[in-house]
Amino acid sequence: MNFQFLFDNFIGLTVTGLAFGAIYALVALGYTMVYGVLQLINFAHSEVFMYGTFAVAWVFVFFHGTVASTESLGASLGLLSVALVAAMLVSAAIALLLERVAYRPLLTRNAPRLMALISAIGASFVLAEAMGLRNRFAAWVGLDDDLDNYVAKARDVYPNPVTIQPQGLFTVGGYTVKDVDLLVIVAALLMMVALDQFVRRTRFGRGIRAVAQDPESAALMGVNSTRVVQVTFLIGGLMAGAAATFYMLKIGATRQNAGFILGVKAFTAAVLGGIGNLRGALLGGLLLGVVENYGAAIFGTDWKDVVSFVLLILILLVRPSGLLGESLGKARA
Amino acid sequence: MAGTSTMNPVARARMRLHDGWTRQPRAVRLLFVVLLALFFYALPLMRPPILTTQQTDFGGIMFSSAALALVAVGLNIVIGYAGLLDLGYIGFYLVGAYTTGVLTSQHFQWPFFLVLPIAIAVTMLSGVILGAPTLRVRGDYLAIVTLGFGEIIRLVVTNVEWLGAAAGIKDIPHPPTIGPSPKPPFGDGGLFTIPQLTWDGLIPSIDPDRGTRFLVFGAVDAIPYYWLILTVLILVMIGDKLVKNSRVGRAWEATREDEDAAELMGVPTFRFKLLAFAMGAAIGGLSGSLFASSQGGYINPLSFPLLLSILFVAAVIVGGAGNRWGAVVGGVLVAYLPERFREFADFRLLVFGLALMILPVYRPQGLLPPARTIRAKAAEKEIELLEEGELAEDGVVASGTTSGMSTTDDETGEGA
């Protein structure tokens, strides 16, 4: 119990907590949107995120090689934006593939929802293992020498070769806010607002809400529900790709199972805010990131995850449908 | 047979088998079941060609398959009967294992068979403690709460020094050996040696170098443990059958199908859900306790990853939630397949994942869905056909109606 540490570093803990929370929130969007539309937990979403992190690392390798070059955030901004686009594209492609291969065959057959869960777990294994075996696959086609930097040490931690040095921007209450944290928080918030407006204001957003509320009536009214589901997965993938970029910026390394725990956390964030609710995902993510950081300060880092799960259970006991427990379908324009 | 006309050939064959089975005299059925059980007791000694794993000890695989089957039967009560999606079942497994570890080795030296019921009671209590506040939460929220609970328990044992922290608990005693205990290098202990078979192609012969000492529990041979857990599994399944066919089992099913309706009809759903949770937890604790004392006698937090919890759920659903035989089949498959294909070492998880993806497409109800589900689906399809074909010939409609309406009231719909 180290409350003194918490009080001394309150602002610093809050800022880094918010940065992590923003990453959780971006991943949580994928869970919450798919849940809103299909009422199922997309267990493989964590792997969508994981592919994004590799896309970021690969972009860095492609432009810089594996020679460590330490640059400031400002100087790396160009590279970073290329990585962001690449990660979003890769994650979105994986998410669409997932929808096509793991979900649509089941949805068209009206399989029970639990079976879709099993299919998602299977897909999650396949995706993670495929990434863990990338050196073997490259060897099959005889490209392992050419791709050495990309496939090396397939199951080990894959470092981000370009370490971007965070620099202090300004000081609040004795804590110097770093550019990395600020960038992550602001960018994530902007994306959330954009997505929220997309769902609330556009024609497609209306389609998504209609399917979330009542799939059958929506279909009768001429909403192409297959297309809506696809777009849902696409958006989830895009957001996971963005989260992956920020994650690589903050953590700087990934591996084939990096998505698993983060996925559980992000899903926790989604449930915390009220699953199926976009703003809930943001609130849940930020809250989780901050509380977890405080908890780590008070009880020690070993208890960080315990704090977040205890928080989850406590909130669900008081509000069984999450903090903002209305669903995607009920959100009015 | 009502409703069979719209079933697919596999389901129809299964129904016919099921009906043929129920028509046999009780003695014949009993004899068959006893023979089947004997076959499974003898299986690790027979080491039949294709089934036997080459690179890992077959007895050990049989043990872990039976252990996972036991877990799946317990989880089936929670998921299959009561319809509560529990992703944190590993938590109960862990509680059972750690209770055993603490009481037999870490802080006390109590004998294993005294600790076993205590472990079950402690796990049951933990099931009630978790269930009492959380069972108000429904559906996927419950899934994530239980997942969180499993993680909390795992993180607690990782960090609490009193429970061995990351180092875990070692030297958990084996169950006592029946007969003289082994005194290497002179005596093997046990009552007598049962020889194992070895196969040359399809011709079996007795292997003089390999034998199992009867009921020596130790790190050397997993087969006595397999026998122990198979016995436990059989007892649990008998208990499971009795409970399922009782008022309690019907209350669970009513709750699963429609909670509000069940509540309105006077079923205290919360109490029954809690009961399902506690009973499932008790079986999880039982298997955890057996796991803790098995073979190595060593447990640490790494033995209980969250992934294992998800595999438990996969076992139940792959087998066919709600059918205890399905749970057994699912548990065995999930434990056995990755070991059987160890020659593909690196690729086995990939293949396992693919299998999990392909299965739901072709068997959306699981490998062995409960007989009632099959009949209900068939009846539903028949009604649908009738509604569509109302303008068709009257005769077809009439005969269809009579067969469609007389479904499943008198039959218990039990999976074979």
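Glycine too: its Cβ is placed from the backbone N, Cα and C atoms.
Annotation source TrEMBL lists transmembrane segment at B:27-46, B:58-81, B:87-105, B:112-132, B:214-238, B:274-292, B:304-337, B:344-362. Sequence annotations record features per position, and here TrEMBL assigns region 'Disordered' to B:391-416.
Taking pairs at least six residues apart, the transmembrane segment (B:274-292) and the transmembrane segment (B:27-46) share fewer than three Cβ pairs below 8 Å and do not count as touching. The stretch in closest packing with the transmembrane segment (B:58-81), judged by the count of Cβ pairs under 8 Å and taken from B:112-132, B:304-337, B:344-362, is B:304-337. For the transmembrane segment (B:27-46), the list of distant contacts is 21, 58-59, 62, 194-197, 204, 212, 222-223, 226-227, 230, 234: same-chain residues at least six beyond its ends, Cβ to Cβ under 8 Å.
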